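A.B. asks: Have a look at this one.
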Amino acid sequence: MKSPPAMDPEAPPGTPPDDEQEEKRGGRKGVPWRMTLSLAYQSLGVVYGDLSTSPLYVYKAAFAEDIQHTESNEEILGVLSFVFWTLTLVPLLKYVCIVLRADDHGEGGTFALYSLLCRHARAALLPPGRAAAAAGDDDDLFDAGAGAKKAAPENGNAVTLGGRGGGAAASVRKLLEKHKVLQRVLLVLALVGTCMVIGDGVLTPAISVFSAVSGLELSMEKEHHKYVELPIACIILVCLFALQHYGTHRVGFIFAPIVITWLLCISMIGVYNIIHWEPTVYRALSPYYMYKFLKKTQRGGWMSLGGILLCVTGSEAMFADLGHFNQLSIQIAFTCMVYPALILAYMGQAAYLCRHHTMESDYRIGFYVSVPEKIRWPVLAIAILAAVVGSQAVITGTFSMIKQCTSLGCFPRVKIVHTSAKVHGQIYIPEINWILMILCLAVTIGFRDTKHLGNASGLAVITVMLVTTCLMSLVIVLCWHKSIFLAIGFIVFFGTIEALYFSAALIKFREGAWVPIVLAFIFMLIMCIWHYGTIKKYEFDVESKVSINWLLGLGPNLGIVRVRGIGLIHTELETGIPAIFSHFVTNLPAFHQVLIFMCIKNVPIPHVRPEERFLVGRIGPKEYRIYRCIVRYGYHDFHKDDMEFEKELVCSIAEFIRSGSSKLNGLSDDFDKDEEQRMSVVRTGSIRMLEEDGTVENTVGPSHVREIQSPSPSPMPPPAAAVGVKKRVRFVLPAASPKPNAGVQEELQELSDAREAGMAFILGHSHVKAKSGSSFLRRFVINFCYDFLRRNSRGPNYAVTIPHASTLEVGMMYYV
């Protein structure tokens, strides 16, 4: 991969310090305590809703059919012991203490781990441009502003791979880089984890809401409640997904009081049951009861682990939703509020069940039998609201996962709406939201049973956890540079626990566990097809891009003429001349007197300062008037209207010419290699552009401004004369600036002439086809599947954010 563009060596005035930049992107440093506590409060309503509502169905699922309860309490205490240690080891120890530290620029989830690993080893099977973007090649904007003297410590592969970490890290890195099979396994792991998170986003709302509504069994006759449960659950699910467009911030503030009320409620009920029914239930906290449970129940006890597993449903959301908050806020909320409340709730349920062996149907009903009858209706209402909140965690986690996949080129482009100006990860994706709602309703109506929904949800949850464990073991070695024995210990310890639960969940394949597998297969098929097509299209772009030498050599052969105006060529390539332009110029041998190759780049920070927005360089000798401009936008930047954008773009080129940033303008044989080093950040604002009617005299007070207006002949073929020019363009320089030399005046004059003639926008429209002689499978994937996804997804960024007042679309067939 090429090294990042060279930055202007002088930091812009007012560049914020590192901590402030870290705060802007929601990092751990520099966040005030007030904001951290506010985020912890919001996280209760977004991250922990799912984990907090698991007491609704854990005991019911554990005692479903796999184990038979007796007069003794060994089974009940054994289940409680499993629940306690599972909650302690997985959410608390694994996620809160370890996994949350492995964020990628504040983002969490399996794809964040994959992106982090790809920054420390050349193991990415992604287009280099996208991998660089994911790897943080704009860390200069994060840490010290564009143009800072000191580059970020981990600035993409070009820097990170430079000998950091020896011993085990170097050996593992070489192994990954050498074997393509291992790289594919790494990508497949990330895709499987992501697809299972999406599947969990379908299943968790269904089981949470349906379990809460099932409390009507205690208050209504059986023949009545079975006709009421399903419609009520479906209505609640529709309302839940309809609320998502308000954003995580608003939803979190609305939902957080509900979760807090629910946690306090189950805590107090738990304490009451412990004191009133079985004060000695604390004995189950000893791991010895797990051994007694498995020894007595044997195969039935092992199969019941699929139900016990549901106690950690939602734990992955702590990591997946990390981009919506920050590490410290999630840790505070879990350790101070969620964990103690859940332990008390499960102990209380176990204490009640220890004294009620003879109530056969009560095991089927689960949580609500342990609630005192006088407060059962209020608790039912709170439980339904909490179940709605519980669904929020996986929905927001799904949004985060889809965004990461899209940025890495592994998912079709979708509309991403950022709902917060302060926290990067708070997003809403309309298309995914409604797809999840439809699938969730279909699963709810299809199963109508918490047992099958629990089996399906359990398999999805434990699969994601296993993937996270595998990727984290690599992060420990490659990214944290710890001992390989520590990584092995991590994967053996947590992997053994999760493998035990995974086997218990997988054995129930025919009883509902097939659903997440089917959902994951469908989403993974979409991702693989899109990834494959994207890779092939990018390889075609790279192989087909042409050098400036080729372009300049066309003049005498094809009779290239230069016409008045500015030609703006949109491209996704940051280097080289795209094939779409060579296709255009060989079929229509004429282009504008000023050419600008422009690439729109979205960077993962809230705002890019106007003075840091444009990265400008020159292509070829300066007399050819061909420029490259990379325009950088933050995720919360507003795109200006057509005229304002055009003015800023032209002024950035003018400032580049005036500032002397283009002194290296000789043409060399390896120009493409040196091209990026010539680019520099252009701080707009020094030069103003005035556009006036042609009748207005070109005079401004000399004490305030200096104007460029002396024309000079161009070394290129002269452009044809324009007829009926209605406006006149002037560049106004600051009074303190030195007088530009004749060459700069000449170049600025030609730019102003081109601006007067107007600007044309040249867009590429590519059709991807498989090469002749390709296999049937390749032709089916490229010609049908990938083409279908491309036509039904969002277009490239520049197609929706760049003005189209005068657009020329150039079609080209890509044979891959």
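From the backbone N, Cα and C atoms, a Cβ is placed for every residue, glycine too.
Below are the features I grabbed from TrEMBL:
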type: DOMAIN; residues: 39-551; note: domain 'K+ potassium transporter integral membrane'
type: DOMAIN; residues: 565-814; note: domain 'K+ potassium transporter C-terminal'
type: REGION; residues: 1-28; note: region 'Disordered'
type: TRANSMEM; residues: 185-216; note: transmembrane segment
type: TRANSMEM; residues: 253-275; note: transmembrane segment
type: TRANSMEM; residues: 300-320; note: transmembrane segment
type: TRANSMEM; residues: 332-354; note: transmembrane segment
type: TRANSMEM; residues: 375-395; note: transmembrane segment
type: TRANSMEM; residues: 427-447; note: transmembrane segment
type: TRANSMEM; residues: 459-478; note: transmembrane segment
type: TRANSMEM; residues: 484-507; note: transmembrane segment
type: TRANSMEM; residues: 514-533; note: transmembrane segment
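Looking at the shown structure, what environment does each listed feature sit in?
C.D. replies: Cβ atoms under 8 Å from those of the transmembrane segment (300-320) belong to residues 47-52, 54-55, 57-58, 60-64, 66-68, 75, 78-79, 82-83, 86-87, 90-91, 95-96, 99-100, 108-109, 197, 200, 204, 293-294, 330, 334, 342, 346, 390, 393-394, 396-398, 400-401, 454-455, 457-459, 461-462, 464-465, 468, 500-501, 503-505, 507-508 of the same chain, restricted to positions at least 6 beyond its ends.
Sequence-distant contacts of the transmembrane segment (427-447), counting only residues of its own chain at least 6 positions beyond either end whose CB sits under 8 Å from a CB of the stretch, comprise 198, 201-203, 205-206, 209-210, 230, 233-234, 237-238, 241, 244-245, 247-248, 395, 398-400, 402-403, 414-419, 453, 456, 512, 515, 519.
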A.B. asks: Count, for each of 185-216, 375-395, 484-507, the Cβ pairs lying under 8 Å from the transmembrane segment (514-533), and report the range with the highest count.
C.D. replies: 185-216
A.B. asks: Which residues of the chain, 6 or more past the ends of the transmembrane segment (484-507), have a CB below 8 A from one of its CBs?
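C.D. replies: For the transmembrane segment (484-507), the sequence-distant neighbours (Cβ-Cβ under 8 Å, at least 6 residues beyond its ends) are 86, 89-90, 94, 98, 168, 172, 302-306, 308-309, 455, 458-459, 462-463, 465-466, 469-470, 472-474, 476-477, 513.
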A.B. asks: Among 185-216, 253-275, 332-354, 375-395, which stretch has the most Cβ pairs under 8 Å to the transmembrane segment (459-478)?
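C.D. replies: Comparing 185-216, 253-275, 332-354, 375-395 against the transmembrane segment (459-478), the winner is 185-216.
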A.B. asks: In the same chain, who gets a Cβ under 8 Å from the transmembrane segment (253-275) while lying at least 6 residues past its ends?
C.D. replies: 41-42, 44-46, 48-49, 52-53, 55, 243, 281-282, 337-338, 340-342, 344-349, 351-352, 370-372, 379, 382-383, 385-386, 388-389, 392
A.B. asks: What is the pLDDT of the domain 'K+ potassium transporter C-terminal' (565-814) when averaged and given as a whole number?
C.D. replies: 70
